[in-house]
Amino acid sequence: MPVNIQWFPGHMAKALKQFKANLPKVDIVFELVDARCPYSSINPEIKKISKDKPHLLILTKSDLADPKMTQRWLHYFRHHGYAAIAIDSKQHVKSGKIAKAARQILGGQLEHRHQRGIKSNNVRAICVGIPNVGKSTLLNQLVHRRAAQVGNTPGVTKGTQWLRSGNGLLLLDTPGILWHKFQNQTIADKISLVGSVKAGQYYNDDVALYALKFFRNHHPDELAKRYRLTKADFNLNDVDLLLKITKNVGMRDDYDRASLRVILDTRKEKLGRFTLDDVAKVEA
Ligand SMILES: Nc1nc2c(ncn2[C@@H]2O[C@H](COP(=O)(O)OP(=O)(O)OP(=O)(O)O)[C@@H](O)[C@H]2O)c(=O)[nH]1
């Protein structure tokens, strides 16, 4: 059975409501997407709900993605009217890079604010994105945690907790988690493979089969090396290839456990860096 693409948790409504309530308090929305599937992990609802609110697309986990593809995706998004940057939270993310991008987007607004006599040069932002995309990691890095809350900042709505980062960035302390309403099965497979769908909402073998199809087409050498596959094994169909891997990793006929192994290996970079979304296909 495929990933349950109807899956849309009950807390989605609450999260959406909270995100909408927070929007008037911020100058800009930082939407985080996974650099391994940046096109599939965008949540179209976010731009729709935020309407005219300035928006910065942040491709997270770029250390796990194919660097050439990340550059292509940045180019694609910029060409399609998005402001976009890529980050790698394994390295220390500098607030300067994000603050600079935000100030560039907000340029006119900040100037206008200044002309109206508002001295504050702070940029208030909310991070939002699908589960597991790296929202908390980024927040923690940007505020070095100990800086923590700056609740009584003048002009800041009472009850809202802000985290002060460097370079005049104020970040809402609770990132918005917005679940994905999958448009199709392939998107569901990709999002599941990178770890943004709760285990139990998909079948391991379906997602592993999707992964095998991708790696045999795009990274056959890594796949062969990891699972000791021969050239002849590549003539097997996907299901038989999974069975072969099951044997090769010593799991006899427990292909469900082997499927989980493939999924975890993929996430842990054991098959190398990869990007599931292909710019050429989207543009075609
Ligand atoms: N390699 C790598 N791992 C990252 C990066 N950013 C986050 N992670 C890892 O991704 C996992 C999820 O990160 P979180 O920051 O908890 O993600 P989140 O979006 O806050 O997750 P939810 O609370 O479920 O919405 C953690 O294991 C992080 O260590 C990154 O840039 N590179």
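Using the three backbone atoms N, Cα and C, a Cβ is placed for every residue, glycine included.
Given the structure is predicted, the values throughout are model-derived calculations rather than measurements.
As annotated by TrEMBL, domain 'CP-type G' applies to 13-180.
Sequence annotations record features per position, and here TrEMBL assigns GTP binding site to Asn132, Val133, Gly134, Lys135, Ser136, Thr137, Gly176. According to DSSP, Gly176 (GTP binding site) sits within a strand segment. Under 8 Å, Cβ to Cβ, and six or more positions away along its own chain, Gly176 (GTP binding site) finds Ala15, Gln18, Phe19, Asn22, Ile126, Cys127, Val128, Gly129.
Checked against ligand 1, the binding-site residues Val133, Ser136, Thr137, Gly176 give Val133, Ser136, Thr137 in sequence order as having a Cβ less than 6 Å away from one of its atoms. If you count neighbouring Cβ atoms within 10 Å for each of the binding-site residues Asn132, Ser136, the highest count belongs to Asn132. The DSSP secondary structure for Val133 (GTP binding site) is coil. Ranking the binding-site residues Val133, Thr137 by how many Cβ atoms sit within 10 Å of each one's Cβ puts Val133 at the top.
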